[in-house]
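**Student:** The structure is given below, and queries will be raised subsequently.
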Amino acid sequence: MASTELKKSPSAPRGRPRRTRRLSSRDRAVLGLMVGIPALVHIGLVWLPAFGSVLLSFTRWDGIGGFDTIEWAGFDNYRQIFTNYPPFWPALQHNVIWLVFFLLVPTTFGLFLAVQLDKNIKGSRLYQSAIYLPVMLSLAIVGFIWQLVYSPEQGLINNILGRTGQGDLIDWLGDPSLNLWAVLVAASWRHVGYIMILYLAGLKSVDPSLREAAAIDGASSRQAFWHVVFPALRPVNVVVLVVSVIDSLRAFDIVYVINKGTNGLELLSVLVTNNIVGEASRIGYGSALAVILLAISLSFIIPYVRSIFREQR
Amino acid sequence: MTMTATPSGTVPTTAPPTPPERPRRGNRPARIALHIFLAFTALSFLAPLLWTVYTSLRPYSDTAEHGYFSLPRKLGFENYADAWNQAELMHYYGNTLLVTLPTLLLVLFLSSFVAYAVSRYSWRGNIALLILFTAGNLLPPQAMLTPLYRMYNEIPLPESMSDSLVVYDSYWGIIAIHVAFQMGFCTFVLSNYMKTIPHELTEAAIVDGASVFRQYWQVILPLCRPPLAALATLEFTWVYNDFLWALVLMQTGDKRPITSALGNLQGVYFTNNNLIAAASLLAAIPTLVVYFALQRQFIGGLTLGASKG
């Protein structure tokens, strides 16, 4: 990237520019608008509602009456969710399974593929293009496509396995003990390519002299990878970790098109959404669910954002 | 896979440790095994799509009689024509355009404003703001969904802007949330890029008495063409592929963009697998165009956010 060259050039001052005092009042006003309007939009539509979720989670409200019908409920919503709301624990469990699966399977496979494709073999581009094609598709369309693949009698997989007879059908998406895993395979189909691209870019930026030095020292290519290349990929590893976590907490579209997130496919995101688009709109309840999801997300987001901005402070 | 029987036993580690620049000649069996593995993987990744294409090209009568897992008697584009006409897909593409185009322009402009002010000037709270933007972009949408839904129902709009008279169920609302949400990522990427532009370049403009805005417009923005192109490609794909916002914040099914509308159309118009396959592929076409025409920008965008991290 050109940016890295520019960064290295001695003419680029490293410190923060100090030009503010030379600005005219008009320039200050323009800058104020350039920051103010976007900041207002972002804070007003992202952080304000997120904060609103936290507040509303301690209340009872049907969302239909005016704001004066909001009642304080303390921790009631949370207590009910934990003790008296059957889909909650399965949903949380599915989210955790999704997260762990995403962190282990597509990431490892994506890294493995990137390492193979980085070996400068013929046709590398062609293989890459095939593997990352699913990245372009929306998770909703991924859901549709895999419904065709998993269809019990007409689907690709059962037909290949020869399990289309009435007695030995495998109902990949209908069987609650199976469907989460089937969906995870479908979601990974899209995620692997994404991870592969990130690692390929990372591998290209690893200084070749590092590998040469390792080779001269007599390291096997496996040793060189684990002791030299992989540590150099640390920034990419962090990004991969974050996108995998975020994507698994955001998972919604694919289960929603398959069966609206029921019967083994419950997720926290679905429960929150059902509290709005569903028949019974219970604002406080839905908000409490959202706060649980928010808390899990922030436990990953905060350390990540701190790490990327530490150097800039 | 007897070809891979080497001391270490696995494909990836058998290649001798030569510098990556030089094409490797040695260890042919390992190379061949690697090619077989990659070809198999690539094919498995294409298989679900190829299956969908195949299903979409077969007339329903053919598959009803012989099953989906059979050789074709006849192939054609009737399913595409049927899906297109029955569900009036053109209309939904129009809805998508109505959301995507304004969103793209607004996101890129507003993000470049903030990125410029944050990266080229020092003022109290500029890093804090950047942190807020970056973190906001990573939140799961459901974390803000419930209050947003209520807010959208409270904020009035004139009838000329929204026939629901509120932001809820209007394009303005969908565009606004996309802009607010996506700005985080774009600002982060653009500010990192702008930081690398040497100050000498704006120095001359300052000497000429150029205002803050002129420096942005005539010096900085033109230099940001590469990241802007990459971000435009990426954001187009993301906004196009959005399913949730329009599902929840757009009540009228007829007004939903194509990705969100697909769920409703299934079962109503798309009653068999052949039609579902055709409709899914039709809905994927714009992103596939990006895939074929703008692959470099797309990948550049994906890795741009990561390279700095």
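Cβ atoms are placed via backbone N, Cα and C, with glycine included.
As annotated by TrEMBL, domain 'ABC transmembrane type-1' applies to A:92-304. The feature region 'Disordered' is assigned by TrEMBL to A:1-23. The annotation transmembrane segment is assigned in TrEMBL to A:29-50, A:96-117, A:129-149, A:180-203, A:224-246, A:283-305.
For each feature listed, report its degree of burial, its nearest neighbours and the pertinent distances within the displayed model.
**Tutor:** Taking Cβ pairs closer than 8 Å, the transmembrane segment (A:29-50) reaches residues 23, 294 in its own chain, all 6 or more past its ends.
For the transmembrane segment (A:283-305), the list of distant contacts is 50, 52-63, 73, 77-78, 80-81, 88, 92, 95, 238, 241-242, 245-246, 249, 268-269, 271-272, 274-276: same-chain residues at least six beyond its ends, Cβ to Cβ under 8 Å.
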**Student:** Do any residues of this chain, six or more beyond the ends of the transmembrane segment (A:129-149), have a C-beta under 8 angstroms from a C-beta of it, and if so which?
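**Tutor:** Distant contacts of the transmembrane segment (A:129-149): 113, 155-157, 173, 182-183, 186-187, 189-190, 192-194, 196-197, 251-258.
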